[in-house]
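Asks: For reference, the structure I am asking about is given below.
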Amino acid sequence: MTEAMKITLSTQPADARWGEKATYSINNDGIILHLNGADDLGLIQRAARKIDGLGIKHVQLSGESWDADRCWAFWQGYKAPKGTRKVEWPDLDDAQRQELDNRLMIIDWVRDTINAPAEELGPSQLAQRAVDLISNVAGDRVTYRITKGEDLREQGYMGLHTVGRGSERSPVLLALDYNPTGDKEAPVYACLVGKGITFDSGGYSIKQTAFMDSMKSDMGGAATVTGALAFAITRGLNKRVKLFLCCADNLISGNAFKLGDIITYRNGKKVEVMNTDAEGRLVLADGLIDASAQKPELIIDAATLTGAAKTALGNDYHALFSFDDALAGRLLASASQENEPFWRLPLAEFHRSQLPSNFAELNNTGSAAYPAGASTAAGFLSHFVENYQQGWLHIDCSATYRKAPVEQWSAGATGLGVRTIANLLTA
């Protein structure tokens, strides 16, 4: 086994020979990261990515300046989907070490699950992985129900069934109930709804290769809310929360749904399909109907929903939408506390009417006359939230996955958003 490379932190600038803007230097003892107080966590994460790029796969975080957040920043940059890495962690107090261990267990689960090939992770596998993770941290405080295939159609989950019926792998709805009170009549505090499209070809509105090659990650919203619930439980969540994952493949076959099809939902809404690649909102609608029926204080849905959100924010921020200004402010405050990037985008009443159809109440995609695609997608979802003006947050997960490495991240999933949602649930 190779000897670990020591990584230490310093608030002193690097020797001038390393350059005026050097953020790290090397000596006989190892590598020194030079913190300047401006963005220390970002500096540590970027340095970790560089250290990994040097081929250094065994490190020891050394010295007294490391805390849980700094250790975590290092790991976020150091972790990558290929190869193995070993970190010898510094001595931390019990609370910080427990926090770090929980992040490593749960957020790494989120990243690894999103990175899994679609051949390995179908709708049923995603639902079962979610059950296993939550059960691991919640024990007997959790119950769940899995509904799949024709049972979905018979029970009226027409959006999820319609999207998923084109695949040989049956669509699946996971309904999970975390109830720490033990009282079956206890009110539900929050519902989390996740888009779990385990591969998205676009259907008959087929994607080009350049847009399809990362679509194993189209279940990023489901993984994120699952991780958020698990992480909130490790932080002492003592309120009842229900999780709904809407899992399916969106593929082409003789049984796949087609443009012009009309879906009738359990709340009476009829939706004309004019783009089979706008499938995420069709499956989320079923989950949001179930969530609304619980009468919770809070509904949060998360989905890799639109390219428009990525166009606006890149992969650097998650997009946040809500009619509830106070609740949006609470989410953004949680994001600030957890050092995770969220940005609120517009959502107004008029966005709800920008999905006209000649044959149904709603179209599943906006026309060229209404180009605000991320906002109209959120407007579409609002039609399936009973009290959409209060207590509902929609997260378009544009920061979930990176197709190529950048200075802070390897290629693949980031795990961003888990801590923010967990923070809000436990605030």
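Keep in mind that glycine also has a Cβ here, set from the backbone N, Cα and C atoms.
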Asks: Have a look through Glu119, Glu120, Glu279 and flag the one Swiss-Prot assigns to the Mn(2+) 2 site that Lys195, Asp200, Asp218 belong to.
Replies: Glu279
Asks: To test your reading of the Mn(2+) 1 site: which residues beyond Asp200, Asp277, Glu279, same chain only, put their Cβ within 8 Å of the Cβ centroid of those residues?
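Replies: Same chain, not in Asp200, Asp277, Glu279, Cβ within 8 Å: Val163, Ile197, Ser201, Gly202, Gly203, Ser205, Lys207, Met215, Asp218, Asn250, Thr276, Ala278, Gly280.
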Asks: Determine, to the nearest whole angstrom, how far the Cα atom of Lys207 (active site) is from the Cα atom of Asp277 (Mn(2+) 1 binding site).
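Replies: It is 8 Å, counting Cα to Cα.
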Asks: Determine which residues of the same chain, besides Lys195, Asp200, Asp218, Glu279, have their CB within 8 A of the center of the CB atoms at the recorded Mn(2+) 2 site, and list them by sequence.
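Replies: Everything else in range on the chain: Val163, Ile197, Met215, Met219, Ala248, Asn250, Gly280, Val283, Ala303, Thr304.
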Asks: How many Å lie between the Cα of Asp200 (Mn(2+) 2 binding site) and the Cα of Asp277 (Mn(2+) 1 binding site)?
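Replies: Between the alpha carbons of Asp200 (Mn(2+) 2 binding site) and Asp277 (Mn(2+) 1 binding site) there are 8 Å.
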Asks: Counting other Cβ atoms within 10 Å of each residue's Cβ, which of the recorded positions Lys195, Lys207, Arg281 comes out lowest?
Replies: Lys207
Asks: State the Cα to Cα distance, in Å, between Asp277 (Mn(2+) 1 binding site) and Lys195 (Mn(2+) 2 binding site), rounded to an integer.
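Replies: Counting only the Cα atoms, the answer is 14 Å.
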